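Trainee: Pasting a structure below so you can have a look.
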Amino acid sequence: MSQKVLLNATEINIILNRLACQLIENHLDFKETVLIGIQPRGVYLAERIKKLLIEEYAIEEIKLGYLDITFYRDDFRRTEKTLEANKTKIDFVVEKKKVVFIDDVLYTGRSINAALTAVQSFGRPEEVELLCLIDRRFSRHLPIQPDYKGRQVDAINEEKVKVCWKENEGEDTVYLVKS
Amino acid sequence: MSELSVNHLLGIKYITAADIELIFKTADHFKEVINRPIKKVPSLRDITIANLFFENSTRTKLSFELAEKRLSADVINFSAAASSVKKGETLIDTVNNILSMKVDMVVMRHPNPGAGIFLSKHIKASIVNAGDGAHEHPTQALLDSYSIREKLGDVAGKNVVIVGDILHSRVALSNIYALKLQGANVKVCGPKTLMPKYIESLGVEVELDLRKALEWCDVANMLRVQNERMDISYFPSTREYTQQYGVNKQLLNSLNKEIVIMHPGPINRGVEITSDVADSDQAIILDQVQNGVAVRMAVIYLLASKIKQ
């Protein structure tokens with residue numbers, strides 16, 4: 001197994017700032033917007049973006065929730081292992097709000113498809129956007145594209161994109177792992 | 001661990017502490033799901049479940065049916081009273097006929113102990129025991145433990161007394177297995193005539209004095225006197241039973257601590273507990289019912305995930 005660095009800490013920091021600015025461009029004060037981190041890995045990115053928006057760009061209030069899609073996945077009983085759920089925490093109203101899904105890697109699009117179904121359990125959003133750090137283009141199984149993307153990556157199926165966060169893995173780095 | 005060690009839930013006796021932990025962790029997520037505006041997930045949309053009730057039930061049947069529907073399973077119901085069982089059909093024939101309609105899972109309540117185990121040896125579908133005679137009622141024990149965990153933080157190390165008709169109670173047996181597996185201390189309390197022989201071999205203590213039992217415990221699980229299973233008189237009168245083994249507010253107030261009161265239902269108000277106890281803040285009877293749906297969703301979800309395509 002070999003791995004190569006796709007993004008280092010500085011590059012990630014620049015990208016996060018750009019993504020935050022792009023969000024502000026479309027959502028201004030975030031009064032009618034809610035951010036939803038997709039469990040498990042999208043949550044780290046979502047927390048980072050929230051922190052940036054509040055601390056660096058003086059947005060007063062950001063509503064951030066976590067959405068677990070396990071029970072909405074289309075591969076239930078089709079995988080070897082039982083799918084284990086994570087915590088969903090959405091303690092605000094989604095009805096008529098602009099929702100921004102946040103996930104670290106966009107690959108086949110199936111997770112986002114499940115998230116689109118899952119979020120409807122909390123109401124009918126005005127619109128839903130998607131933000132991802134890594135967009136693995138040419139790997140999509142469904143017609144789903146990101147509205148905000150950090151970096152586009154052309155990776156073949158045998159390769160894996162691994163996103164590491166300081167708060168979890170001790171470093172901010174994105175790797176391309178070859179098995 | 002993310003998978004149950006069994007393919008059927010026939011009794012607590014056959015599962016492990018890790019299984020219970022996994023069921024509770026999964027139930028936590030489902031508890032959040034059933035408190036959403038839309039309380040349904042699509043996980044089991046390609047699973048069909050048959051609820052076979054060869055014995056009367058209100059709460060368990062509703063709870064299972066709701067759990068199945070919240071998971072988007074297709075559900076068919078069967079009750080023995082209105083079926084060909086009355087015409088002399090055997091259990092295996094009845095179930096096989098239902099399974100030939102492509103059913104993946106069977107939830108069964110039956111008056112004969114071991115009916116679920118017998119069936120699991122003869123049919124392919126996954127089986128959940130919803131009570132078999134005086135043997136086991138595993139999902140009730142799971143939701144009881146889950147409710148204790150929710151109320152007191154943990155089951156391990158807690159003192160739990162099960163009061164009442166231990167002899168005829170499947171709830172008592174399943175609870176004893178479940179509580180011991182999770183490291184709780186268990187006592188049983190009730191008239192000597194309603195104590196099974198050799199009950200101590202399960203690692204529980206017998207306490208015939210209700211006051212002493214209540215002073216010892218953190219949780220009291222009050223069982224119903226099962227008149228329908230009693231072929232002889234086990235105590236002189238209901239009045240005498242209530243005087244010795246009924247819990248009232250006065251008795252609770254005289255204890256030096258506040259204990260948690262549980263009841264699997266249906267309650268005989270005024271017999272095993274009085275109305276003021278059943279409706280008090282100390283009673284978590286309605287929490288048990290709500291948790292029942294979440295716990296059953298977890299059990300069905302985890303068993304269904306082992307049915308491969």
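Just so you know, glycine gets a Cβ as well, placed from its N, Cα and C.
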Trainee: Check TrEMBL for me: it has B:Arg59, B:Thr60, B:His137, B:Gln140, B:Gly265, B:Pro266 binding carbamoyl phosphate, so pick out which one of B:Arg109, B:Arg239 it puts in that same site.
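Mentor: Carbamoyl phosphate site check in TrEMBL: besides B:Arg59, B:Thr60, B:His137, B:Gln140, B:Gly265, B:Pro266, the record includes B:Arg109 out of B:Arg109, B:Arg239.
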Trainee: Checking the spread of the L-aspartate site as listed (B:Lys87, B:Arg170, B:Arg224): what is the longest Cα-Cα distance, in whole Å?
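Mentor: That value is 32 Å for the farthest Cα pair.
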Trainee: Going by DSSP, is B:Arg109 (carbamoyl phosphate binding site) part of a helix, a strand, or coil?
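Mentor: In the DSSP reduction, B:Arg109 (carbamoyl phosphate binding site) maps to strand.
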Trainee: List only the single closest residue to B:Gln140 (carbamoyl phosphate binding site), chosen from the binding-site residues B:Lys87, B:Arg170, B:Arg224 by CA-CA distance.
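Mentor: Considering only the listed binding-site residues, the nearest one is B:Arg170.
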Trainee: For the binding-site residues B:Gly265, B:Pro266, work out the Cβ neighbour count at 10 Å and name the residue with the minimum.
Mentor: B:Pro266
Trainee: By CA-CA distance, flag whichever of B:Arg59, B:Thr60, B:Arg109, B:His137, B:Gly265 among the binding-site residues is nearest to B:Lys87 (L-aspartate binding site).
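Mentor: Nearest listed residue in space: B:Arg109.
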Trainee: Please list, for the domain 'Aspartate/ornithine carbamoyltransferase carbamoyl-P binding' (B:8-150), how many residues fall into helix, strand and coil according to DSSP.
Mentor: 67 helix, 26 strand, 50 coil
Trainee: For the domain 'Aspartate/ornithine carbamoyltransferase Asp/Orn-binding' (B:157-302), would you mind checking the mean pLDDT of the predicted model?
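Mentor: Value for the domain 'Aspartate/ornithine carbamoyltransferase Asp/Orn-binding' (B:157-302), mean pLDDT as a whole number: 93.
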Trainee: Name, in the order they occur in the sequence, the residues of the same chain whose CB lies under 8 A from the CB of B:Thr60 (carbamoyl phosphate binding site) and which sit 6 or more residues away.
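Mentor: Result: B:Arg109, B:Ala130, B:Gly131, B:His137, B:Thr139, B:Gln140, B:Gly292.
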